[in-house]
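Undergrad: Below you'll find the structure I mean.
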């Protein structure tokens, strides 16, 4: 029997990249009957799925590639590939700088990986494909394979927003929506394999407008209603959203679809209208807060997390204070916050930026201290409550302790039988820790 080829994939960045990496494994397994490995030194195929959101993303990629260069000398048949958003940005330049790289492919050409590998092996020439072939990617991917009780499902690709600081429209292309019935089919197939929680993915997921077989168009709210009807699906999440397209239909879904989790990640980026204008976010803080008020009127217990950028070009202390005021007003839960990172080719990269880095670091610390304080208060308020936990596995620190997540996305560790893994369990929260909760099985 021929030995199976081993595949190692290093994933950087967002949940969309995690989804794409899973699809890479599936498409390679379908064509070459491969197996996963966590040790790149024993792999026959090494891929890095890259992210270009932060500064120096390219350098991180080439640093990683440098670690693999010597492996190529020892194993001539080793295939090394670079995928994701840095691949889209750099293209042929990756081969010029690292000639030992065999494949460069974008997020939309994952389905062509087997073909690219075969061409490389037959021609001995590096292969580059960073095109944007509409929804072809989804048409040629194999049937989804569940890994546990949770799964990601991509419902759209790309972004048309062109926020002034962001590279995503340039690296993932324009918005392309998967057909409504295709998404439902993937969710149903995952449910049959035991998946209980679905996270719908898209760069601007709440702008989903999926074509339907009857000629009509489905928005995200309608899609969520139909997914909730699939037998076995008990919890639905979605990410990442934009406030502009956070529609009344979607807000209403929180009142009519109990499967929709009571946690929302809604990036606002800043609390100053002046900064939002320079970011080209196309909404005001008042409009954002109005949507939050409507949402909480329908689902009072919902927790809301967000993304924040401090130190954007031209940000003043007054602007920053408005951001802090917004965090207090909305009472954001655990959130992501970063110092502005200049991305080449974006409009914001040309804006004058005279704020000292020490000031930016100080603002980031003040913001993170406030966000952490909010999150700890929310966690402490959960002590004594009973929570429905989706048990995902065992604790990273103790294999005898189970771990899962609450509906509002808190990690909970508790003692229980391993037969509960992949199931929902009711747990009473007994203790709040900085990064997790402890509980007792009811």
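Cβ atoms are placed via backbone N, Cα and C, with glycine included.
Sharing the feature lines straight out of Swiss-Prot:
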DOMAIN    5-122  domain 'MTTase N-terminal'
BINDING   14, 51, 85  [4Fe-4S] cluster 1 binding site
DOMAIN    145-378  domain 'Radical SAM core'
BINDING   159, 163, 166  [4Fe-4S] cluster 2 binding site
DOMAIN    380-442  domain 'TRAM'
Undergrad: Roughly how many angstrom lie between the C-alpha atoms of residue 85 ([4Fe-4S] cluster 1 binding site) and residue 159 ([4Fe-4S] cluster 2 binding site)?
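TA: If we compare the Cα positions of residue 85 ([4Fe-4S] cluster 1 binding site) and residue 159 ([4Fe-4S] cluster 2 binding site), the gap is 13 Å.
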Undergrad: In which DSSP state, out of helix, strand and coil, do we find residue 85 ([4Fe-4S] cluster 1 binding site)?
TA: helix
Undergrad: Sort out the sequence-distant neighbours of residue 166 ([4Fe-4S] cluster 2 binding site) for me: same chain, 6+ apart, CB within less than 8 Å of its CB, listed by position.
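TA: In sequence order, 53, 159, 343, 346 meet the Cβ cut-off.
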Undergrad: Relative to the Cβ position of residue 163 ([4Fe-4S] cluster 2 binding site), how many further Cβ atoms are located within 10 Å?
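TA: Excluding its own Cβ, residue 163 ([4Fe-4S] cluster 2 binding site) sees 21 Cβ atoms within 10 Å.
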Undergrad: Would you report the average pLDDT that the model assigns to the domain 'MTTase N-terminal' (5-122)?
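TA: Within the domain 'MTTase N-terminal' (5-122), the model's average pLDDT equals 89.
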Undergrad: Going by DSSP assignments with H, G and I as helix and E and B as strand, what are the residue counts for the domain 'MTTase N-terminal' (5-122)?
TA: 67 helix, 23 strand, 28 coil
Undergrad: Taking the Cβ of residue 14 ([4Fe-4S] cluster 1 binding site) as reference, which residues of that chain separated by at least 6 in sequence fall under 8 Å from it?
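TA: Looking at Cβ-Cβ distances below 8 Å from residue 14 ([4Fe-4S] cluster 1 binding site), excluding near sequence neighbours, one finds 51, 53, 240.
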Undergrad: Can you tell which of the binding-site residues (51, 85) has the fewest other C-beta atoms within 10 angstroms of its C-beta?
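TA: The binding-site residues 51, 85 were compared, and 51 has the fewest Cβ atoms within 10 Å.
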Undergrad: Quick check: which same-chain residues outside 159, 163, 166 lie with their CB within 8 A of the centre of the [4Fe-4S] cluster 2 site CB atoms?
TA: 161, 162, 165, 167, 168, 169, 203
Undergrad: List the residues in the vicinity of the [4Fe-4S] cluster 1 site, defined as same-chain residues other than 14, 51, 85 with C-beta within 8 angstroms of the site's C-beta centre.
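TA: Checked against the 8 Å cutoff, the neighbours are 12, 13, 16, 17, 50, 52, 53, 84, 168, 171.
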Undergrad: Please report the DSSP secondary structure of residue 159 ([4Fe-4S] cluster 2 binding site), reduced to three states.
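TA: For residue 159 ([4Fe-4S] cluster 2 binding site) - judged by DSSP and reduced to three states - the answer is coil.
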Undergrad: For residue 159 ([4Fe-4S] cluster 2 binding site), just count the other CB atoms lying within 10 A of its CB, please.
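TA: Other Cβ atoms within 10 Å of residue 159 ([4Fe-4S] cluster 2 binding site): 23.
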